[in-house]
Every structure is written in structure tokens, then in C-alpha cells.
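These features come from TrEMBL:
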BINDING   GLN211, TYR240, GLU270, ASN317  S-adenosyl-L-methionine binding site
ACT_SITE  CYS344  active site
ACT_SITE  CYS344  active site, nucleophile
Amino acid sequence: MQCAYFDAGRCRSCSLMGEPYPQQLAGKQAHAEALLAPFGVGEWLAPVASAESSYRNKAKMVVGGTIDRPTIGILDADGHGIDLQACGICSPGHRAAFPTIARFITRAAITPYDVASRTGELKHLIVTESPDGELMIRFVLRSTEPVARLRKHLPSLLGDLPNARVVTANLLPEHKAVLEGAEEVVLTAQQTLPMRLNDVTMHLRPQSFFQTNTEIAAALYAEARDWIRQLAPDSAWDLYSGVGGFALHLAGSGADAATEVTGPLVTGIETSLEAVASAELSRTDAALERVRFAAGDATAFALGASPAEAPDLVVVNPPRRGIGADLAAWLEASGIGHVLYSSCNAASLARDLRAMPSLRPVRARVFDMFPQTTHFEVMVLLERVAA
């Protein structure tokens with residue numbers, strides 16, 4: 001992939017830009033294998049490659065410049081806006097929408113936030129595109145001052161972007177280096193963005209986390225379902241369940257109309273109330289009766305369960321820090337036969353595996369969720385071995 005912004009030195013966010021993609025993928029595979037070598041992975045499947053460009057379903061952009069000439073991209077070292085509306089890893093839907101959104105910013109007279117002076121209103125623009133081409137557009141603001149103008153001019157934005165399903169104002173009053181605030185004002189009648197992956201539709205709410213690469217996320221969930229179908233567990237926990245990507249796929253993993261076999265009974269645990277609400281809506285929409293979601297801390301949930309409540313299988317998909325010592329110790333001592341661990345940080349995965357010597361990796365696969373960067377997802381199936 002070639003990028004004019006990278007070549008000109010205007011943006012260096014994609015650290016592997018310019019490196020041939022097969023070389024990128026081989027490097028990620030080698031890195032994962034090296035980190036997990038001490039644990040004797042039984043089988044490494046071939047890595048799952050992504051499209052090299054246009055793979056992101058979510059664009060997280062800083063807004064700079066002026067009302068008349070807003071920039072949508074990043075800030076330079078001096079805090080000035082660098083416009084990246086043609087960013088090659090953003091989806092075609094993003095790139096098509098950015099000029100229209102820039103004109104809307106001018107029309108609604110929303111002053112871009114100036115970091116140096118701490119003045120202005122519009123800090124960030126977050127745009128998510130669904131597999132069906134619908135958009136969720138979120139304006140991250142310093143205060144509620146522009147919200148009335150957003151509402152006033154919203155019909156013109158929806159007229160110019162008929163695929164815009166959800167539009168919101170997110171409030172971030174603090175001057176700090178975070179993407180969004182806690183309060184969300186939904187401006188449209190629709191409040192969720194349907195994300196259709198495989199045969200599962202997930203309803204994404206504004207502050208819900210979702211995997212950035214739709215194509216690879218679909219492959220990841222389908223692979224997880226296939227691996228677990230072979231094990232045929234009666235029950236499973238999906239810890240760090242998010243909007244339910246793994247749990248919703250697993251809930252129907254054994255469904256067979258001819259034999260009336262059902263999938264496992266699945267419990268999803270997630271700290272984000274927004275994500276739990278999304279998952280519950282998706283469960284209801286799909287009429288899945290053998291899955292439930294609850295808000296809570298994954299470690300506290302596991303440690304608070306009785307031995308009789310322990311499932312046959314646990315799925316963990318933690319943030320970059322990994323599952324941590326307490327949950328790893330609980331899994332090690334639990335007697336649970338299988339753990340499916342999906343990690344966005346192979347280093348923390350390796351650390352967690354060292355704390356679970358009774359659970360050995362029998363199968364592993366790299367999923368290239370983030371081409372042009374050093375990041376990737378790796379999924380490992382762990383099986384308990386005899387002492």
C-alpha cells in the first residue's frame with residue numbers, strides 16, 4: 001500500500017507503511033510464534049490476512065483548523081490540524097463522507113477546538129461504517145453550546161448523507177488526551193448501528209467497543225465458533241464480552257434443526273453498560289434464548305462463582321493488559337477443560353499463559369486486524385492437561 005501522507009511525512013501513524021504486506025504478515029506470525037514458543041503450541045494455522053487498505057470500520061479523527069476551513073485528521077507537533085480526509089486505511093464510506101461532514105461543520109458554525117488556547121468546541125469526529133454502508137457519526141464537543149445548532153442543521157446533513165443512521169454529540173469538557181467523554185446526546189431517531197457479521201447482527205451503540213476490522217472480526221468469530229463446535233460444551237462464559245461478538249456466535253454454534261441439537265448455554269460478562277445494552281438488544285433481535293449478558297467485572301464474576309457454577313469452557317478477549325494474575329490463577333485452579341483466549345497483545349497473552357501451566361495451547365492462529373501497523377490479534381485454544 002502506498003500513502004501520500006506517509007510519503008510526505010505528514011502522518012506516521014501506520015508504522016509499517018511501505019513494507020510489503022506479505023513481509024508484514026510474516027513478521028507478525030514470527031513474533032507470535034516466538035512469544036508462545038515456550039508453551040509448545042500444538043498447531044499453528046496459517047495467519048488470516050486482511051485487505052491492505054480501506055479496512056477500518058471506525059475513523060477516529062481530530063478536528064482542527066477553523067470554522068470555514070476545518071481539518072479532519074490529526075494534529076502536528078504544534079497543535080495545528082493536518083487534514084487526512086483521503087486516509088487509505090479508512091473505508092471508502094468514510095472518505096466519501098468526510099467532505100460532506102466538513103461542510104456541515106462550517107454550516108453549523110461549530111468552532112474546532114484549539115489545544116493550545118483551550119478554546120473552541122469540536123474536538124474529535126468518530127465515524128463508524130457498517131457492512132451495509134450505514135454510518136454512525138459522533139461529534140465530540142467541549143460543551144453543550146453547539147448542540148442546538150447541530151439539531152437545527154441535522155436535516156441538511158441527513159439529506160446530504162442518506163446513509164447516516166445515527167448522529168450524536170459526545171461531551172468531553174475536560175482538557176485531556178482521551179477520545180470521548182461519558183455523556184452522549186443522540187440526535188437521530190435511530191440509536192444503534194446494525195453490524196452484520198456472518199449470520200449474526202450486532203446492534204452497536206455509540207460508546208460500545210467493536211473490532212476495527214469488520215472482515216477480520218467476522219473471520220475471528222466464525223473460527224471461534226468452529227473450534228468450539230468441535231468441543232460441544234454444554235455451557236460457556238464469555239468474559240470481556242463487549243457487544244457480544246463471541247457469545248452471540250457461540251449461542252448458536254451447535255444449532256441443528258435436523259437433530260434438534262442446541263448450542264451451549266452462554267453467559268457474557270462485560271463492564272460497559274452500553275455494550276451490555278447492545279448485546280441484549282442483539283440477543284432479543286435474534287431470539288436467542290440460550291445466551292444472557294450481565295454487567296460486571298470479569299475477574300470478580302469468576303472468583304464469585306461456586307465450583308458448581310463453573311462452565312465447560314471460558315472465552316476471554318481482554319484489553320491489551322491481558323486477564324491479569326487473579327483471573328489466570330482462578331482459571332488454572334478451576335478444573336475447566338478448555339479456554340479460548342483471543343488477544344490483541346501477544347506479550348500479555350504469554351505472561352498469562354505462564355500463570356496457567358495446566359492449560360496448554362493446542363491450536364493458535366494470527367488474525368491481522370491492523371495492517372500497516374505492528375498490532376495483530378492472536379487466538380489460542382487452551383486445553384487442560386493431566387497433572
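The backbone N, Cα and C atoms fix where each Cβ goes, glycine too.
Automated prediction, rather than curation, is the source of TrEMBL annotations.
TrEMBL feature annotations superimposed on the structure.
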residue: GLN211; record: S-adenosyl-L-methionine binding site; Cβ within 10 Å: 24
residue: TYR240; record: S-adenosyl-L-methionine binding site; Cβ within 10 Å: 22
residue: GLU270; record: S-adenosyl-L-methionine binding site; Cβ within 10 Å: 27
residue: ASN317; record: S-adenosyl-L-methionine binding site; Cβ within 10 Å: 23
residue: CYS344; record: active site; Cβ within 10 Å: 19
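Here CYS344 (active site) is positioned 10 angstrom away from GLN211 (S-adenosyl-L-methionine binding site), judged by their C-alpha atoms. Secondary structure at GLU270 (S-adenosyl-L-methionine binding site), as computed by DSSP, is strand. Each residue contributes its Cα atom, and for GLU270 (S-adenosyl-L-methionine binding site) and CYS344 (active site) those atoms are 17 Å apart.
In this structure, the C-alpha atom of CYS344 (active site) lies 13 angstrom from that of TYR240 (S-adenosyl-L-methionine binding site). TYR240 (S-adenosyl-L-methionine binding site) falls within neither a helix nor a strand when secondary structure is assigned with DSSP, and so counts as coil. Taking the centre of the Cβ atoms of GLN211, TYR240, GLU270, ASN317 as the S-adenosyl-L-methionine site, the nearby residues of that chain (Cβ within 8 Å, site residues left out) are PHE209, ASP238, SER241, GLY242, GLY245, PHE246, PRO318, SER342. Residues GLN211, TYR240, GLU270, ASN317, recorded as binding S-adenosyl-L-methionine, reach a greatest CA to CA spacing of 15 Å.
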